[in-house]
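Residues or ranges marked as NAD(+) binding site in TrEMBL: B:Tyr130, B:Gln191, B:Asn214. As annotated by TrEMBL, substrate binding site applies to B:Ser237, B:Gln259, B:His262, B:His328, B:Asp361, B:Glu415, B:His420. Sequence annotations record features per position, and here TrEMBL assigns Zn(2+) binding site to B:Gln259, B:His262, B:Asp361, B:His420. Per TrEMBL, the feature active site, proton acceptor maps to B:Glu327, B:His328.
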2 protein chains.
Amino acid sequence: MLRLDTRSDDFARKFDRVVNDRRESDADIAQTVRDILARVKARGDEAVADYTARFDRYTFARDEDWVITPETCKAAFDALDPKLREALELAADRIRAYHEAQLPADRDYTDDAGVRLGAKWSAVDAAGLYVPGGRAAYPSSLLMNAIPAKVAGVERLVITTPTPKGEVNTLVLAAAHLAGVSEIWRVGGAQAIGALAYGTDRIKPVDVITGPGNAWVAEAKRQLYGVVGIDMVAGPSEILVIADGQNDPDWIAADLLSQAEHDPSSQSILITDDHTFAERVEDRVDVQCAMLSTSTVARKSWDDNGVIIKVQSLDEAPALANRLAAEHVELAVDNPDALFAQLRHAGSVFLGRYTPEAVGDYVAGPNHVLPTGRRARFSSGLSVLDFMKRTSFIALDENSIGKIGPAAVALAEVEGLPAHANSVKVRLK
Amino acid sequence: MLRLDTRSDDFARKFDRVVNDRRESDADIAQTVRDILARVKARGDEAVADYTARFDRYTFARDEDWVITPETCKAAFDALDPKLREALELAADRIRAYHEAQLPADRDYTDDAGVRLGAKWSAVDAAGLYVPGGRAAYPSSLLMNAIPAKVAGVERLVITTPTPKGEVNTLVLAAAHLAGVSEIWRVGGAQAIGALAYGTDRIKPVDVITGPGNAWVAEAKRQLYGVVGIDMVAGPSEILVIADGQNDPDWIAADLLSQAEHDPSSQSILITDDHTFAERVEDRVDVQCAMLSTSTVARKSWDDNGVIIKVQSLDEAPALANRLAAEHVELAVDNPDALFAQLRHAGSVFLGRYTPEAVGDYVAGPNHVLPTGRRARFSSGLSVLDFMKRTSFIALDENSIGKIGPAAVALAEVEGLPAHANSVKVRLK
């Protein structure tokens, strides 16, 4: 864990290092992924079956081995403990409500020159959702990906998920039922992304691919960006907690650990103006961490990537937060709006002392798929817009082309595009 | 030029081939671009200067050789022919008006559970606009890229453009003045994209890179997607004209040629229900093409990639158009709205007989940077949103956390994330 103080002479240099530290494995998997994608493109299902046997030790002996049926998902949902089922339903309802309010409005108007202009939004035809296997398979992630697609109006929602040695995660299947997903393929890794993008005999291609995955999945999505739409390039995640000394150190320690327990490469950063409070939080992190079943991961994340930044005043915090452009930012103060107004770059912000980041992971409603690794400088969390696209439109008539057409002719001619000019000229007068 | 008829037995197969034909050069430039980017990242300005000397035969002898000053741009603008200046100003005003109406609204509301939720939009800090050198340097493209960024509120707008042997395009400089861009670097190619993404001693990094470029520039943007935001992966462009027999064949021929003259890889497609009309258009294409200064390019594009599809009824057209998902779609009929309502996948649509696509290239207002190569299935034209991002926010209080917190605890526990659960539990009761 790194301790910084804005009064130190070398603060700027050390803070720069925190900002620029990528925490990302630079293993050269790009070539492996290129090979997998090329083979899936050329050989289709045969390649998918080969890779699944090799990487997941799962063999497609019969047709029905390829899929998980809606009936299986419904059975998983019906078998849920009632309390858990209610929790999932509450989450789904709140996520749906937040994303429904996000739906964009079409535009259609006629301006002063008599030109009709506008934009019409439509959903993509098909979306593929990647769901990781093993411990990173979260029902909450399924809801966060599938519900915005459904709200956008996507007709075909496809899940691909690895089932190593045939094992399935029943919670994820229950969430798939709740979200209304009915097409699930037992395929994972880069081969699943290739199948979704290019299509195979069995798996029809999709238009957009979202969802978390390991480094191979992420690289496959990156390589196929442009062939299909993707949600984002994801990296290790992070939390920045900005807290004054009036917080309960146990609460803030819990928040820092909730990020740290995700992955050893996760990062938790505390900015505070109270030195004694900082020390107390540090102590509470140690005490709480020892009691967690995830303590090994959380400990390593905090030791390797944790940072506590002591500032003279919280007025210094927004500038530092904008440099960090963190995925999650908590403002644990009495009047968070003053600080929030100065935040320009953040994935999601949690206002006040009673808003731990974890409520955003599950039940608050906004999407928990958020830009990581400083990408909040230029990108946004997942939304219905990721499953929609906009078609602009223009309508002129005999009068309005007379008003704006001559300018188009002048510009086309000077750009050396005579056929452009001609297509307007023939309609003038 | 390919003639298809939906009544033919082999129509489906031949149409599939049109849909899936990529028309993109598959030259393996990826490795060259990787090398250039790696060198720019490692060596900065030195690498940029080397590549500029090698590829553009332009040497940075003094500091002032690196840039084009705002004064130079203003002089270029002042020297414009008044008619051309008015045309540029009309274009800029109309583009600005359309994009201002596109600005997204923030959200901030409190729901039934007492949870405050919302989303706040902010502009990126800095955007880089690539402007090609030579004949593909269009002042209209500069306006279409720079004005949405300005409207979004981007504070720093940077242009990079190659100036082969020192040559500049004064029209582009005039447009830069009009758009209010004040930072212009005489750097092009993949090295310019690398400098914008990574930053060098001279060129500060940007957050988003947009603008057209050759295959190296496009590949560099694709490779750096995730390090920065980019507008899109661009390919050869296309027009689809859906026209009944009541059109003047000369008008439709002009529209087809306006796309064909861009590039030999451009594609112009006509769908019509009138066989005689189709033949007349074909004749007029030949006659008009011969008179164009761009006839060599237009001829090759039409011969290699042009398609005329004869349908029994225009009712068949929307389904074909949705498969093609073309960049530009003209609906040259009396009542275009009925067809338009069935179009789901198109970059921009031009309604009625008096709306040639070229008005959209210059003066209509909507952006002319549009998804090509069937990417309208999942992506949209350039907009202010490409220069902005959304931060979601959540605020709970002592009451509302009691309502939704327990569900978060239940889900965190079942997902095996005890610190997540704990961060909520400590705040309950």
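Using the three backbone atoms N, Cα and C, a Cβ is placed for every residue, glycine included.
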Nonlocal neighbours by CB distance (under 8 Å) for B:Asp361 (substrate binding site), same chain, sequence gap 6 or more: B:Ser140, B:His368
Cβ-Cβ distance under 8 Å to B:His262 (substrate binding site), same chain, at least six residues away: B:Ser237, B:Val297, B:Ser301
C-beta crowding around B:Glu327 (active site, proton acceptor), within 10 angstroms: 29
Closest of B:Tyr130, B:Asn214, B:His420 to B:Glu327 (active site, proton acceptor), Cα positions, binding-site residues only: B:Asn214
Sparsest Cβ surroundings (other CB atoms within 10 Å) among the binding-site residues B:Gln191, B:Asn214, B:Ser237, B:Gln259: B:Asn214
Neighbourhood of B:Tyr130 (NAD(+) binding site) by C-beta distance under 8 A, where only residues 6 or more apart in the same chain count: B:Ile159, B:Thr160, B:Thr161, B:Gly188, B:Ala192, B:Ile193, B:Leu196, B:Ile209, B:Thr210, B:Gly211, B:Pro212, B:Gly213, B:Val217, B:Lys221
For B:His420 (substrate binding site), nearby residues of its own chain (Cβ under 8 Å, 6 or more apart in sequence): B:Ala408, B:Ala412
Chain A neighbours, restricted to the recorded positions B:Glu327, B:Asp361, B:Glu415, B:His420, by C-beta under 8 angstroms: B:Asp361, B:Glu415, B:His420
B:Asp361 (substrate binding site): secondary structure state under DSSP, collapsed to three categories: helix
Substrate binding residues B:Ser237, B:Gln259, B:His262, B:His328, B:Asp361, B:Glu415, B:His420: largest Cα-Cα distance, in Å and rounded to whole number: 56
Residue with minimal Cβ packing [other Cβ atoms within 10 Å] among the binding-site residues B:His328, B:Glu415: B:Glu415
Spatial separation of B:Asn214 (NAD(+) binding site) from B:His328 (substrate binding site) - C-alpha basis, Å: 21
B:Asn214 (NAD(+) binding site) versus B:Gln259 (substrate binding site) - Cα distance in angstrom: 18
C-alpha spacing of B:Glu415 (substrate binding site) relative to B:Gln191 (NAD(+) binding site), in angstrom: 46
